[in-house]
Structure formats: structure tokens, C-alpha cells
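> Features from TrEMBL:
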- 451-466: compositional bias 'Basic and acidic residues' (COMPBIAS)
- 69-97: domain 'DEAD-box RNA helicase Q' (DOMAIN)
- 100-275: domain 'Helicase ATP-binding' (DOMAIN)
- 287-448: domain 'Helicase C-terminal' (DOMAIN)
Amino acid sequence: ASLRENRAKYESMKWAGLPPIEKNFYKESARTASMSQEEVELWRKENNNITCDDLKEDEKRCIPNPVCKFEDVFEHYPDIMANIRKVGFQKPTPIQSQAWPIILQGIDLIGIAQTGTGKTLAYLMPGFIHLTSQPISKDQRGGPGMLVLAPTRELALQVEAECSKYAYKGIKSICVYGGGDRKGQIDMVTKGVDIVIATPGRLNDLQMNNFINLKSITYLVLDEADRMLDMGFEPQIMKILIDVRPDRQTVMTSATWPDGVRRLAKSYLKNPMIVYVGTLDLAAVSTVQQKVIVIPEEEKRAFMHSFIKSMKPNDKVIIFVGKKLTADDLASDFGIQGIPVQSLHGNREQCDREQALDDFKKGKVRILVATDLASRGLDVHDITHVFNFDFPRNIEEYVHRVGRTGRAGRSGEAVTLVTSNDWRFASELADILERANQVIPDELIAMAERYKQSQMRKENEKDIQRPWRKPSK
Ligand code: AMP
């Protein structure tokens, strides 16, 4: 009891003297307020099937109506409107239309949406308003006001690029990531920034060495939370959040909603609302033509080379492989043949990875060989083809990879090589193809059936060996 009492005392001392936080900036437009329940439901249905829920346990609040136009939400923020007009966006994306009115009311939000849906601006724009509308000025704050935690350097850099493109009123942002110039990052952080976009490992390192004050943060984003957990960042996130004030506003995005992410949400968000956009399997892949080729392992290379030969001059392809070694191997194969390529994987130096991405984005090379490091977060609009040389380690990753093409409303094509080693995925893959109205090769169906039979056989054998087990269904 005394420990608990001391802890509470220590906690209140830790947060004493911090300035109050202003969180609610939402003024619903007349147009949004006048939407009927039917109109709201129709809008949600037609916009990737948005579904929302209030996770507050006792009294449920009213989920705000979605905003159909930028003016409905940013009418009073001319800097934001000017930036949106400059880039020529037509209307909010589904996640933005529903997330903005929630976040701007100061409510914590979980957005189940993936890269390519406009999720970054969904949290950045309200973040800018939050930052610039606090009762104290940023100079009095004594540290950054907003923190975005992202799983990979690539995603962190991408968020930073969006941030500097749309920020206004001199908002300064910095990207802090492992492998980058640590001293330069420390210099920037200590000089004073408003927004820190960081991978958890490096930020935790700066925090432990007292290079960064996290107490001033009032707006926190956990971007791609599922991916951060997959990469084992939970301990670092825990350590970082010990120093972030508990009455902050928190936004979390995730492509999926497994138990681990639910647990994270429960620990770090307060009475959040949740917005799901589309179903994982269809949203990203409905504009992509998906071809699946069942092939023996030893014929994969020849198939890939003939595919590359058939590319048109403006085609851009990302070739996904399972191992870093395979990425290097294929890249040098292309090199020997005089075909310009770049490769992206975790063993390459950070500057080489940035160069590879830049060359691919700018079209200096039209082929990028990559491991799953690039399956999420990679935002290159004009990828025409995704070529899955190796099948990914799970079906969700397949969806992410395929989603690298067909972006921003364009059509794209995905070619996936499947060998007998991948048979455990055959059934789920066939389901995805079916729901996206794609051709399902007979060999894939046969493979799924063989796998099912083999699983049943295995179960039966186990039952024979251990008769006390319940019979399998
Ligand atoms: P994200 O899902 O955040 O990775 O965003 C994917 C791409 O969509 C980025 O290049 C954004 O700049 C772009 N984007 C964001 N919002 C909109 C919008 N309302 N209309 C069109 N494109 C958008």
C-alpha cells in the first residue's frame, strides 16, 4: 500500500506544473450537421465501407458525421486549405473523412487502415491544428509537441516528407531513426523542433541519454502499430511512453486488429473511437489484376527474366523476395545482364537504402528488388507491377505487397509465383482471388485441397497416437 501511495505521489509530482492541453477544435459545418442518418450511412458504405465504434465502456458517445469536403473541416484554417488546393486533392479519403471530425474533437482514435489510404494526413492535419492552437506558445513548451512513432526508417522518412510538405506557421519537424546520422539528429533535436517522427529504437536511445524532452508532447501517434509489434518494438514503446504525459491525445493506426494491437490500444489510448476502412483483403487489391502462377522452384528465375523482358518502357516493377541474400543475388544477376536495378533490404547501409528508393521513385531504375521491408510504407505512385518472386510469410503481407501497385486510383498488375513449398497459403490465396473476382488457377485449388487432406491426415495420426485427444472435426 505504501509503495502504491508513493507511486501515485511520484506520478503526480512528475506531471506537476505542466501547462493545460487544449484538445477540441472542431466546429461542425452546417452541411455536415445537416446530414441525415441515411446519408451518413450511405456515405460510409460508398467510401470503402467505413465502420466506426466507440470503445468507451460506460456511456457511448455519438460518432460524428463524416466530412465530405475539405472545407467542411478546415474552413477556419486557411493555411491547410491553401496546401490542399496547391496539391490539387479532390476530396478527403475515406479514413480522413471520418477520422478528422473525431480527432479534432480531442478524442483518441484507432484507425484501421493501411498505407495508401491517406492515413498519414488523417493524423497530421489535426496534429498541426493541435500544435498551433495550444494555450502556450511553442517556445514556452520546452520540447516537441507532437511525436509520431513508426516501425521502419522508410515509413518514418515518408511521414516526415508529408509533414514538411504540408506544415505551416514555421512548424519544424525532424526524423529520428536508427542508421541515420545520430549526431546530426541530436543537434536538430536539441535546437528545438515541434514534431519528432521516430523509430522506437533510436528515440529510446536519445531519451535514455537525455537528449530529448518528451514531457512536452501533447499529441502522440503510433503509426502502423501492428508492424511495430511484429518488429518487437513493444519494450521501447513502453519506455518511451513512460515520459509522455498521460493526458495527451493519442492516435494509433494499424492495418490489422489482432490481440497484440488491442492490448496496446488498451494500455495507451483513453476511451478511443475506432474507424475501420474497408476490409483488409479487398480495399488494397481491388484495382489490381492478380495473376498467380504455380511453378517449380527451379523455373522461377527463367520465368522472372522473361517477365522482365516483356516489360514496356514505362512499366515499373517491384520484385519481392523472401531473403536478403536472394535480393542481392537477383540484383547482381540483373547487373551482369546490364539491366539497371536497385535493391532494398535490411542489410544495406541506410544511405544506400535511401538512394535505392530515390532512384526507383524518380525512375532512374524501373526495377526494385526488395524484401518485405518495402511491402508497407512504400509510397511510389507509378508502380505498374508487383512481382512476387517468393511468396510472403503470411497472407496479410501478400495484401500489403499487392497494394504497392494500383495506388491513387490507377490500375496495376501483380504476378505471384507459388511453388509446392507455399501450399499452406493456397486456400487463403484462392479466397482473396475469388473475392477480388480474379482467375484462380486450377493448380492452386488442387494445392489447397492437397494441403487440407494432408492436415487431416496429420490430425488423424495424432489422434491414433494419442487416443485421449478429442476427435478432430
Ligand atoms: P498514406 O496512406 O498516408 O501513405 O497516403 C498515400 C498517398 O495519398 C500520399 O501520397 C498522400 O499524399 C496521398 N493523399 C493523402 N490524402 C489524399 C487525398 N485526400 N486525396 C488524394 N490523395 C491523397
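Note that Cβ sites are derived from N, Cα and C of the backbone, with glycine treated the same way.
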> By a Cβ-Cβ criterion of under 8 Å, what residues six or more beyond either terminus of the domain 'DEAD-box RNA helicase Q' (69-97) are in contact with it?
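The answer is 26-27, 29, 31-32, 43, 47-48, 50, 104, 111, 113, 117-119, 121-122, 125, 128-129, 165-166, 168-169, 275, 277-278.
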> Could you break down the residues of the compositional bias 'Basic and acidic residues' (451-466) into DSSP helix, strand and coil, giving a count for each?
15 helix, 0 strand, 1 coil
> How do the residues of the domain 'DEAD-box RNA helicase Q' (69-97) split into helix, strand and coil according to DSSP?
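Going by DSSP assignments, the domain 'DEAD-box RNA helicase Q' (69-97) contains 18 helix, 0 strand, 11 coil.
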